[in-house]
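Worksheet for the structure shown next.
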Amino acid sequence: MATACRASRLPFAAATFLLVLLLAGGGAADDASSDDDAGTPRTPGCSNKFQLVKVKNWVNGTEGATVVGLSARFGARLPRDMQEAQKSFAILANPFACCSNLTSKLTNSVALATRGECAFTAKAKTAQAGGAVGLLVINDDEELYKMVCSENDTSINVTIPVVMIPQSAGKKLKDFLDHGASVEVQLYSPNRPIVDLSACFLWIMALGTIVCASLWSELVACEQVDERYNQLTRKDGPNTGTNYREDKEIFEISARGAIVFIIIASVFLLLLFYFMSSWFVWVLVVLFCIGGIEGMHVCLVTLLARIFKDCGQKTVQLPFLGEVLTISVGIVPFCVVFAILWAVYRHASFAWIGQDILGICLMITVLQMARLPNIRQVASALLSAAFVYDIFWVFISPLLFHESVMIAVARGDNTGESIPMLLRIPRFFDPWGGYDMIGFGDIIFPGLLVAFSYRFDRVSKKGILNGYFLWLTVGYAVGLFLTYLALFLMDGHGQPALLYLVPCTLGLIVILGWVRGDLHDLWNYGKGRTENVVDEP
C-alpha cells in the first residue's frame with residue numbers, strides 16, 4: 001500500500017523555494033555605486049584611490065553621530081588614524097555652491113558646499129583659494145557618488161582633502177550653522193581589515209547548514225529506523241498501537257519546474273527592483289516569518305523528540321486537527337513569539353541572530369522537502385539555469401538597468417531595508433561596520449546537490465572517501481571561499497556566488513563520476529521512481 005505525502009506543506013516548499021531563488025547573490029557591495037564619470041582616466045593630480053571617510057562632528061561641543069563620506073579622486077589624502085586628524089571648524093561657503101569668489105572667511109576651516117553648478121575640482125580650487133583646509137560637498141542624494149576630474153581639467157593643483165557626504169547629513173550640519181551653532185569636524189579614513197572574522201563565521205554557517213540538512217534525516221530524525229513516526233498525525237503501526245507513521249513530504253523538482261522557477265523569479269525580481277516599497281518589504285517579512293516558524297517548528301519537534309523519546313509518544317486531542325503530539329503543540333507558540341519578536345526588532349543590532357536562526361531552520365526544512373531526483377536534466381538544468389540567472393542579474397543587468405538589479409534589491413536601495421532572505425553577520429573588526437551576507441539561494445541550490453550525493457552514497461553503500469558527499473562538501477567550501485576571495489579582489493562589489501559554487505559542485509560530481517565510472521548511475525539515479533510516495537511495510 002502506498003501513502004502519498006500530504007499536500008498541506010508541499011505548497012510551502014514550492015513557495016519557499018521560489019522565494020529563496022530571488023536572492024542567490026553573494027555579498028553586498030562595500031562602497032556606493034559610482035556615477036557616469038567614474039571611468040574617467042586618471043591624470044596627474046587626479047589619481048587618488050576612492051576611500052570611505054569618517055566625518056566626526058561636534059555641535060556646540062557635543063559630539064554628534066559620525067557621518068560616512070567618500071573622498072575624491074583628487075586632493076590631499078586623509079590620515080588613517082583619528083589621533084592624526086585635525087579638528088577644524090566648519091563654515092558654510094558663500095555662495096553655497098562654492099563656484100565663484102567667496103565672501104565668507106574660510107581660513108583654517110572646512111568649507112561646507114552643495115553639489116552642482118560647476119565641476120568638483122572648481123569647487124575645491126575656490127575653497128582652497130579662500131583659505132579652507134578641507135571641503136565637504138553635500139550630495140543631492142543619499143548615495144555617495146565618486147568625485148572625479150572633468151575632461152577640461154588640464155592642471156589640477158588641489159592640496160586640501162575633498163569629501164562628499166549624504167544629503168541628509170549635510171542638511172543637518174547646514175541647519176546647525178544657519179542657526180548660529182558652532183560646528184567642528186574631524187576627517188580621517190581608517191583601514192579596513194583584509195579579512196574580517198565575520199566572513200569565516202558566515203562560511204562555517206553556510207557549510208554547516210548544508211551538512212546538517214544532508215545528514216538530518218539519518219542522524220537527527222533517524223529516518224532509517226523511525227519512518228513510521230509522524231510529528232503530528234497518530235496512526236496505528238503494524239506492530240504496536242502506539243507507533244506513528246511519517247508521511248514523507250517530498251517536493252521533487254523537475255527540469256521543467258526548474259526553468260519555470262527561474263523565469264518567475266526573474267519577473268518577481270524586476271517587480272521588486274521597480275516597485276519595492278515599505279509595504280512590499282513587510283509582505284516579504286511576513287512570508288519569511290511564516291516560513292521561519294514552519295522551519296523552526298519542524299526542527300525543534302524533531303530534535304526534542306529525538307532527545308526526549310517519551311515526548312514522541314504523548315498526544316493531545318485538538319479541534320479540527322485531531323490527535324497531535326503534545327510537544328508539537330507546546331513548541332508552536334514559542335516559534336510564533338520568536339518570529340514576531342524578530343520582526344518587531346529587526347532593525348536592532350542583535351536582530352541578525354534571530355534572522356539567521358529562522359533562516360537556517362527554514363533552509364534545513366526546505367532541503368528535507370525539496371529534492372533532486374538525479375543529475376540527468378534536473379540537477380544540470382536547475383543549477384545551470386540558476387548559474388546564468390545569478391550572473392545575469394548581478395553582472396549583466398547594469399548594462400540594461402544602469403545598476404545591478406540583484407544587489408540593489410538585496411540592499412533595499414529603494415526602501416533602506418534589506419530583504420530578509422539572507423544569512424548575515426556583522427563585521428566584528430571593521431571600523432566601518434556593516435554586514436557580510438549570503439543569499440539563501442547560494443546555500444539551497446548547491447545544498448540540493450550535496451544532499452542528493454549523500455542519498456546516492458547511502459543507497460550505493462559507498463564509503464566516505466569513495467563516495468561523493470565528502471568531496472561535494474569540500475567543493476562547496478572551496479567555491480564559497482573563491483566567492484569571498486573575488487569579493488575582496490573586486491573591492492567589495494557584490495558577487496554572483498553561484499558563478500563559483502556551481503562549477504565546484506555540479507562540475508565536480510560530473511567529473512568525479514566520469515573518472516570513477518559512476519556517471520551513468522548518477523545520471524539515471526531514481527529513474528522510474530516516485531520519491532513523494534512511501535511504501536508501507
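Cβ coordinates come from backbone N, Cα and C, glycine included.
Predicted automatically and left uncurated, TrEMBL annotations should be read as such.
It should be emphasised that the depicted structure is a prediction, and the values quoted were computed from it without experimental measurement.
Feature annotations, reproduced from TrEMBL:
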- 95-173: domain 'PA' (DOMAIN)
- 1-29: signal peptide (SIGNAL)
- 201-221: transmembrane segment (TRANSMEM)
- 253-275: transmembrane segment (TRANSMEM)
- 281-308: transmembrane segment (TRANSMEM)
- 320-344: transmembrane segment (TRANSMEM)
- 350-370: transmembrane segment (TRANSMEM)
- 382-401: transmembrane segment (TRANSMEM)
- 437-456: transmembrane segment (TRANSMEM)
- 468-490: transmembrane segment (TRANSMEM)
- 496-515: transmembrane segment (TRANSMEM)
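Sequence-distant neighbours of the transmembrane segment (468-490) (same chain, 6+ residues past either end, Cβ-Cβ under 8 Å): 26-27, 194-195, 199, 203, 206-207, 210-211, 214, 438, 442, 446-447, 449-450, 453-454, 456-457, 462, 497, 499-505, 508-509, 512-513, 522. Of the ranges 201-221, 281-308, 320-344, 382-401, the one with the most Cβ pairs under 8 Å to the transmembrane segment (350-370) is 281-308.
Of the ranges 253-275, 281-308, 320-344, 496-515, the one with the most Cβ pairs under 8 Å to the transmembrane segment (201-221) is 281-308. Counting residues 6+ beyond its ends, the transmembrane segment (496-515) has Cβ neighbours under 8 Å at 24-26, 375, 379-380, 383-384, 386-387, 389-391, 393-395, 406, 438-439, 441-442, 445-446, 449-450, 453, 468, 471-472, 475-476, 478-480, 482-483, 486, 521-523 in the same chain. Sequence-distant neighbours of the transmembrane segment (382-401) (same chain, 6+ residues past either end, Cβ-Cβ under 8 Å): 21, 24-26, 253, 255, 258-259, 261-262, 265-266, 269, 273, 372, 407, 441, 445-446, 448-449, 494-499, 502, 505-506.
Helix first, then strand, then coil: DSSP counts for the domain 'PA' (95-173) stand at 17 helix, 15 strand, 47 coil.
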